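The annotation active site, N6-AMP-lysine intermediate is assigned in Swiss-Prot to Lys116 on the grounds of sequence analysis. Marked as NAD(+) binding site by Swiss-Prot: Asp34, Glu35, Glu36, Tyr37, Asp38, Ser83, Leu84, Glu114, Arg137, Glu174, Lys290, Lys314. The Zn(2+) binding site annotation in Swiss-Prot covers Cys408, Cys411, Cys424, Cys429 and rests on sequence analysis. Residues annotated as domain 'BRCT' in Swiss-Prot: 584-666.
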Amino acid sequence: MTREEAKKRIERLRELIEYHNYRYYVLDSPEISDEEYDKLYRELVTLEKQFPEFITPDSPTQRVGAPPAKEFATVTHEVPMLSLDNAFTEDEIKAFDQRVRSALNQQHVEYFCEHKLDGLAVSLLYENGLFVRGSTRGNGYVGEDVTANLKTIKTIPLRLKGENIPPVVEIRGEAFMMLRDFEALNEQRQALGQPLFANPRNAAAGSIRQLDSSITAQRKLYFMPYGFGLVQGMDFETQERFLKQCQEWGFRINEHNRKASSIEEALEFIRYWTEHRVELPFPADGVVIKVNNLRYWDILGTTAHAPRYAIAYKFPAEEKETKLKDVVFQVGRTGIITPVAMLEPVVLDGATVSRATLHNFDIVRQLDVRKGDVVKLKRAGMVIPEIIGVAAEKRTGKEEQIEPPTTCPVCGGPTEWDGAYLKCVNITCPAQLKGHLLHWASRDAMDIDGLGESIIENLVDMGLVKNIADLYKLSVQDLLTLPRLAQRSATKLYENIQRSKDRPFFRVLYGLGIPRVGLKTAQMLAEHFGSINALLNATMDELTSIEGIGTDTAETILKALQSPQVHELIDQLKTLGLKMEQESIEGPLKGLTFVFTGTLTSMSRGDAAKLVQSLGGKVASSVSKNVDYVVVGEDPGSKLDKAQKLGLTIIDEEAFLKMVKREHNG
């Protein structure tokens, strides 16, 4: 084949593959078999290897995933990706309509109704029709660059179809997993001994936030647009027209979307799908109602965190009944023994549920729940399955009381009561160690990708790891002794463990699992004391001087820090090279200290603190003369009074957002 013939064949293969991708993933109407498709794809791969000069960014082969990234770059949203205000009743929807009509001085307003997909909000930037960047929503102002991962999603066109294409358009929508694919993924993970995803949203978010996009490529993800950000050279006029244009460009559109000539028609849409949501193939937790006329959007405007032209109605939590077959006892990293109900599998809000926590033995007594009972189940916040009651009228007399274990169900050691909680007091209990290791490897702590529950189980059971520090002493050869871990996976896990040594001090502190030290408290302690040595020498007065740390918490922290085992572990981690001092990040806010008070509307105070820290600034927990800016939200506390007395610079949320956006953009 000549070079010119190869070029023509490559172009034709791309056209064919993208056409069949569109038929399969967008229209759900394939014209060829999987085998025929694979044959075309393999031919394209072969030709592009022979003639790499003809590879283009929009080639179907570029979906398979880029080399693993060390971390995600940040992306500033030129048009903020705002969240939506929620409504839980029809009256709240009617009140929204009243506000809209009053602001527009209109008797009737046309709306557009869409399902609120339950996945991960992402943004796709196209320049002259070519997909050039994809990012997560993040805090609405700054997200993460996940372009390589989003390229693997077949319902995201790498190049827009048709001729009506603006120079720049930013498409926003939801990346999600179909319910059938979520079930299949969890079945596969269960067979491999991997931890299961709690729901399709977590599965989608976890897949897109993979540093290795080849993993994302293995997951069956979909994308549907719902809005736009930056647009140049085009006016869509209505939400309905915008989505129609997206369809013409090659995106998959929800066929159930409907235009409503009045709020009553919108309510009919809500009522129908509240009753029929189980028929949907994708996860949806509500309905979004938007003013259809885009000209009205500018008139209605936005608040700091949500548009005034749209509202999200949240479906009420679904309840189901099922049989409680048995109760098992789990031991957590702090030794608390939790009763867990094993259930006859039941589909609840689109996910199969076969177990639910009973929290503690006080709850067991209050519910009077017994083995063999028919129990009432719902998903708290659409995430955690929770038993809310018992169908006592369905009892047969064969039900059995649930008795607390007299010894630890894992190590057989002694137990003791701590209020409503039963605890194993054996500090060498393998279950506690496994819990500590899981916590250490978690995203908010050391974020060790690949160190999941099944690997930790094997590391502990095989005696390879007896404390957290032992993780950093493992070799690739040690990891190769684990079941089902091949050379490539073992090498990658080893590298991920070693790479975690670079995590900042506050995450090490959080990862230690000190009782009552959550992520926020760990950040405050790291900021206040600056090093592990200073913290180990802290006094009660020093701890309680930090806002949010009371006497009980301070006593618990001091007691934990005085433990010989904690001292020994910290010494080992120091020797192994983990960070035990707070580092200052280079950035435009370096040298500036911020304090937040009151409720922020655009993001949580935690997200605001992360934003400041990512730009090199510091966040203090209390007001002092060393503070440069006090950011005031709604209902500020005593910090505002103190700041005024000290004559500090006080700014509102809007000024803060302008400041960080300006600094982030340089």
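Each Cβ is built from the backbone N, Cα and C atoms, and glycine gets one as well.
Quantities reported herein were computed from a predicted structural model and do not represent experimental measurements.
Mapped onto this structure are the features recorded in Swiss-Prot.
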{"residue": "Glu36", "record": "NAD(+) binding site", "Cβ contacts under 8 Å, 6 or more apart": "none"}
{"residue": "Asp38", "record": "NAD(+) binding site", "Cβ contacts under 8 Å, 6 or more apart": "none"}
{"residue": "Leu84", "record": "NAD(+) binding site", "Cβ contacts under 8 Å, 6 or more apart": "Val288, Ala306, Pro307, Ala310, Ile311, Ala312"}
{"residue": "Lys116", "record": "active site, N6-AMP-lysine intermediate", "Cβ contacts under 8 Å, 6 or more apart": "Ala284, Asp285, Gly286, Val287, Val288, Ala312, Tyr313, Lys314"}
{"residue": "Arg137", "record": "NAD(+) binding site", "Cβ contacts under 8 Å, 6 or more apart": "His77, Met81, Leu120, Ala121, Val122, Ser123, Gly143"}
{"residue": "Lys290", "record": "NAD(+) binding site", "Cβ contacts under 8 Å, 6 or more apart": "Tyr111, Phe112, Cys113, Glu114, Gln239, Tyr309, Ala310"}
{"residue": "Cys408", "record": "Zn(2+) binding site", "Cβ contacts under 8 Å, 6 or more apart": "Val331, Ile337, Pro414, Thr415, Cys424, Asn426, Cys429, Ala431"}
{"residue": "Cys411", "record": "Zn(2+) binding site", "Cβ contacts under 8 Å, 6 or more apart": "Cys424, Asn426, Thr428, Cys429, Pro430, Ala431"}
Other same-chain residues whose Cβ falls within 8 Å of the Cβ centroid of Cys408, Cys411, Cys424, Cys429, the recorded Zn(2+) site, in sequence order: Val331, Gly335, Thr407, Pro409, Val410, Gly412, Gly413, Thr415, Val425, Asn426, Pro430, Ala431, Gln432
The domain 'BRCT' (584-666) [mean pLDDT, rounded to integer]: 84
Binding-site residues compared (Cys424, Cys429) - the one with the fewest other Cβ atoms within 10 Å: Cys429
Where Cys411 (Zn(2+) binding site) sits in the secondary structure, as DSSP reduces it to three classes: coil
